[in-house]
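These come from Swiss-Prot:
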type    : residues                               : note
BINDING : 170, 171, 172, 173, 174, 175, 176, 177 : ATP binding site
């Protein structure tokens, strides 16, 4: 064993003392620090917020550095993402600027299960399941009533609250981000949100449990070339209820679809397109840029897109009407064409 290993572990343990009240609780599964002084933890009742003066920015950076050294890794502006394991077996994801907002640091700790649960206990609270194949009945869709009535504000509000995957489409300056911010405001406050964008435009309630991640390229003058795909992968280790990706531009579209299809429903994103069908087509073509999709036929990827994206909202800025921005089309996979 490396002679420095015990010292490195001791350093991590020392800096983890500020989190001991939550790490020691058996009923807590996730611990998240979104910004200095603010901690969120998830127990059987959901997410809870706790203020902690010990979690200063300097302390968080010291913990990040100690964790990186313990794992023989680096965390710095050039390498702002760290996925590692703590001495106690907990998994940790750390994000530092420029991949998150200046003056912040994101820390997510997932505690391992301390016992092996017998199958009988795991299934104790299972919903009643049909004993005969094919006997299950589809649940009523609460979105169909406002959809049929053309009550679009109610429809979109319920869609967000129901965790539908929504794509906002439109041309430059059409109001895509404005609508995405309005939709984000309907996300239930109990959820944990991770946003991914190149420039901070998404606005969330400061009181909610959220983290803003930022990507860039060397040509934009950023110190770190962190891609949207890298941040999507990091976000999946940050206990998100849902992921908001400000704009889809390339192969990261496939990673976004994978995230939405793997238990992180309710994703919202935007793309440049003039109609719902063009948006679905563009999203399919973006997926084809992903290394894992380049040999897949268009029809296969189009089917994937339409199986994951529930709703496409098209916005438009019309000249000659006071440059008014408005919704001009809504596509709903489970509904009839919009009237």
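From the backbone N, Cα and C atoms, a Cβ is placed for every residue, glycine too.
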Among 171, 172, 174, 177, which are binding-site residues, the residue with the most C-beta atoms within 10 angstroms of its C-beta: 174
Candidates 170, 173, 175: member of the binding-site residues with the richest Cβ shell (10 Å): 170
Three-state secondary structure, which DSSP defines for residue 170 (ATP binding site): strand
All-chain count of other Cβ atoms within 10 Å of residue 176 (ATP binding site): 26
Shell of the ATP site beyond 170, 171, 172, 173, 174, 175, 176, 177, same chain only (C-beta within 8 angstroms of their C-beta centre): 270, 272, 315, 317, 325
DSSP state at residue 177 (ATP binding site), helix/strand/coil: helix
